[in-house]
Amino acid sequence: MALSWLQRVELALFAAAFLCGAVAAAAMTRTQGSFSGRCPLYGVATLNGSSLALSRPSAPSLCYFVAGASGLLALYCLLLLLFWIYSSCIEDSHRGAIGLRIALAISAIAVFLVLVSACILRFGTRSLCNSIISLNTTISCSEAQKIPWTPPGTALQFYSNLHNAETSSWVNLVLWCVVLVLQVVQWKSEATPYRPLERGDPEWSSETDALVGSRLSHS
């Protein structure tokens with residue numbers, strides 16, 4: 001059975017969500033790796049001579065959550081894409097009511113996780129940048145990437161990576177919201193399927209009586 005146009009749009013959105021999730025997870029992992037495993041989100045920077053240092057990082061689990069949530073959702077999108085491609089080519093591509101309800105629940109959870117991750121990235125990056133700018137060594141976080149950090153090699157392109165992760169997360173949130181809306185539309189359309197009138201239905205009897213009555217009146 002061929003995929004419906006709603007399912008095709010949904011698969012295209014899943015492909016885009018996979019890319020966004022993969023970019024966010026990779027950018028967050030690179031950022032944490034550049035700080036030797038410490039999480040810079042909501043961190044506090046200090047001056048160490050002429051260089052910067054991350055004196056008070058956040059708990060590593062905070063960055064693990066952002067990278068893990070983005071990575072798991074990207075993996076889910078990839079597996080779902082492969083499953084639907086296989087189903088459309090080999091088996092029946094129709095999704096039952098139970099499968100649609102499960103997909104709705106997963107999409108709702110995904111919207112929540114991506115929203116939380118995007119907010120953590122937004123406010124965590126802003127807190128770190130405010131800490132850096134308050135030292136009066138630079139006027140922006142992007143310029144702070146050019147300043148040496150202690151230990152050497154720390155914070156390589158940290159702001160660019162955090163910005164990419166945040167942007168990808170917000171785009172991912174929009175994609176998941178659209179996916180959720182499409183799935184709700186499919187669920188409602190399958191919940192009230194079209195059924196032609198049959199003998200014995202109240203509507204059939206009323207329409208038949210009206211037609212017979214009008215013919216008798218004309219005769």
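One-based numbering along the chain as shown.
Glycine too: its Cβ is placed from the backbone N, Cα and C atoms.
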Swiss-Prot annotation phosphoserine: which of Ser36, Ser127, Ser206 has it?
Ser206
Candidate annotated in Swiss-Prot as phosphoserine, out of Ser55, Ser168, Ser214:
Ser214
